[in-house]
């Protein structure tokens, strides 16, 4: 498997740190507003990646943080005249509902930042001890100039960063590029006790505290949107490597491209901000997954109604073909070798996650099938179904009603097979008769059972 690594700016062969196991962290959202299609692109993509890796035999621990304390959350709470924690809780529920609706089901654990205050304080204390951080009257800051590799991920020199910095002057900081680790308490804001007085964590330190808790100082894959490369991911690297003294925080960095809407940058000011929920009022989750995965994940994507309409057509075509396969009961074999099709798709999916080529091959395969799909034999149809299921296992493009029927039948036949093995023939026959009553024929051919 090979994919583009932002850290090396090249397509690298992947080698996990521990054989067969992958630790993957993806930056989660700040829960302070409705979630948009930019979020959808990132989280659908990494959902597909995690599921693909598991299909390939890896044990993947997929960790995602939830930023539940932040300036934006505090400002939103003031606008709504409620507590910041109420804002965070409300939008976290919405986020999890959106992810469930989009079939994003691969995350092992969502870690809320406020549950890791002790770990955050520990990291800041170690950075101060090692001379990388300093306290001021308004907080604790990381001194960027002390970390020689700052800018490596974003391909900038420290001089470029310093000269290009455009921030409001803060006389408490030694240098304008230094970033905050701990913000001392302001009236009316949430706070936690710390060695530097009551306050709250900075954004960057939250993620490294969480990843160190679960993965230690070094792990396999870090992902997120390309807008996070600088300064957020750059800061994460500086923090953890300054503490650990190691060469890596994450060995591989994967970033998704930004989204334009009708050829314009998506933003609230342009009033072209498209939320996940708005899209799902008109389109199915499978349509959106297809649209967002059917493009190079690193490129900028132009999002439009036309894109969704085309994706809906393709999803319907593939699902229609799948339903025909479920009902196939002829005598013909397949013109294409399903195992060869899957092998080609595996090669494409593991070559920088080229899901677009996988979809193209599935469309071509469906085209071949539809030339004589009514005459395809049951065993041949089952092999073709395996191709669709393999793609769906990470892409999530089969409609629930389409996938459910085939899955339920196979589960029942597995149960029947076990009953026959245990010589419980009466119970096995009841399953066969139940299926027949619902128009599904079951036939045993030696060690193989087919249905139509």
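Our numbering is plain: 1 for the first residue shown, then up by one each step along the chain.
In case you wondered, yes, glycine gets a Cβ from its N, Cα and C as well.
Sequence-distant neighbours of residue 236 (Zn(2+) binding site): residues of the same chain at least 6 apart with a C-beta under 8 Å from its C-beta are 204, 207, 208, 222, 249. The feature Zn(2+) binding site is assigned by Swiss-Prot to 27, 207, 232, 236, with sequence analysis given as support.
Annotation comment: Swiss-Prot describes 268 as ATP binding site.
Counting residue by residue with DSSP, the motif ''HIGH' region' (29-39) contains 3 helix, 2 strand, 6 coil. Residues annotated as motif ''HIGH' region' in Swiss-Prot: 29-39.
Under the heading motif ''KMSKS' region', Swiss-Prot lists 265-269.
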Query raised in the report: Which state, by DSSP, holds residue 27 (Zn(2+) binding site): helix, strand or coil?
Result: coil
Report summary line: On average, residues of the motif ''KMSKS' region' (265-269) score a pLDDT of 73
Query raised in the report: What same-chain residues, at least 6 away in sequence, bring their CB to under 8 Å of the CB of residue 232 (Zn(2+) binding site)?
Result: 27, 203, 204, 207, 224
Query raised in the report: Per DSSP, to which secondary structure element type does residue 207 (Zn(2+) binding site) belong, with helix, strand and coil as the options?
Result: helix
